[in-house]
Amino acid sequence: MSKGTLFDKVWDLHTVGTLPSGQTQLLIGLHLIHEVTSPQAFAMLRERGLKVLFPERTIATVDHIVPTTNQARPFVDTLAEEMMQALERNCQENGITFYNIGSGSQGIVHVIAPEQGLTQPGMTIACGDSHTSTHGAFGAIAFGIGTSQVRDVLASQTLALSKLKVRKIEVNGTLKPGVYAKDVILHIIRTLGVKGGVGYAYEYAGTTFEQMNMEERMTVCNMSIEGGARCGYINPDRVTYEYLKGRDFAPKGEDWERAVVWWESIKSDADAEYDDVVVFDAADIPPTVTWGITPGQGIGINQFIPAPEQLPPDDRQIAEEAYSYMDLAPGKPICGTKVDVCFIGSCTNGRISDLREAAKVAKGRHVAQGVKAFVVPGSERVKQQAEAEGLDKIFTAAGFEWREPGCSMCLAMNPDKLEGRQLSASSSNRNFKGRQGSASGRTLLMSPAMVAAAAVKGEVIDVRELL
Ligand code: SF4
């Protein structure tokens, strides 16, 4: 069992007690809610005559269903409008802060909480969305939860959870030019497998993560769940504190000084014991792209789609399924694969630094004929910042559409959907069958810079050729 790790310390500090099931009742410091997984939870609360116990520890935004073009109310999609109204009503009735469209702070739940300083080291955080692991970038322990657990947190501010093992994933060295945080996490998942992290929290350590900025760290932690880990985190350090200082909800004055002392104390000890340790060399990580139907089916940009006999026996069946669904043949290069749609956005890669990297590639070039390319900022603040820097102009001059903030084609619960067999180059986090709105649509995951490169070439290419 892990000992002396940040996970261990934060878990113990938030333990309320042990339940008859043997699970821990864990206090949740911050609960983030959105329109998709909360309406039923509030309904369950009402049925039982319960109230939200700590409304001040619950923050709401709207992200999954928002249109990214016409946001006029009522929404054209009546189901989306109903969800929106339910969230507005539930927040109002329960005194919950809601960052609605036009508030200046709306956006994807995992983008807005860090940018406002709500996400802080040593916290426990829960949200009814799988990619809540994002918040671990700050040294928080953050869990994606289901609707009945959203109900539990609303009613009791606690969750019943079984303690996880901790795997330290160490990556050392400087990434090569054209290799980004997204490539690092795709490489890790590809190596350890999509189920490799089941039962674990992932602690990311080593000089590569130390050199990353907070947004890059968020990209890595965001996809921990795609590697099977329930959460992922990075110990807080100077980079974390510099990012947090001065943000809306960050401690101020003497509280700040006290907070830093506490944050330093919850870091994993130098002699911490881990349940497992895996070490990577940053120099071995290439720009990485998925070819299949799980985020673990990835390859280096200049590699060939693996043949079944090159894969472990357990991976062969899903590979066969992927060749046929994706219409990509084993033994062929992924470079040169024609793309129809290019999507830059999501809670993985919809932050300002992602847009800056993609804009560097798009600048002075033009989207290839027949390709639909669009950029969806992760939040209203990201959009505002990008426009202040003129990134929107770079994108639109290059033929990209510049949209309003939201989840958009990450999950396609709004009007942004693939059509038929379209193939998308996407900076999001899941390439499951039908994920982007068409039951037969296909997705290749990659970094935002690689998506921009695919957009201007009309096919998957090595972004380094354009840098
Ligand atoms: S961007 Fe995608 S993964 Fe992130 S919160 Fe929205 S739907 Fe979920």
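A Cβ is built for glycine as well, from the same backbone N, Cα and C atoms used for every other residue.
All annotation found in TrEMBL is predicted automatically rather than curated by experts.
Cβ-based neighbour count (10 Å, all protein chains) for Cys407 ([4Fe-4S] cluster binding site) stands at 32. DSSP classifies Cys407 ([4Fe-4S] cluster binding site) as coil under the three-state reduction. Residues or ranges marked as [4Fe-4S] cluster binding site in TrEMBL: Cys347, Cys407, Cys410.
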Residues that sit under 8 angstroms from Cys347 ([4Fe-4S] cluster binding site) by C-beta distance, when 6+ apart in the chain: Ile108, Val109, His110, Val111, His131, Thr134, Asn222, Gly378, Cys407, Cys410, Asn429
Residues within 8 Å of the Cys347, Cys407, Cys410 Cβ centre (excluding the [4Fe-4S] cluster site residues themselves): Asp63, His64, Ile108, His110, His131, Gly345, Ser346, Thr348, Gly350, Gly378, Gly406, Ser408, Leu411, Ser428, Asn429
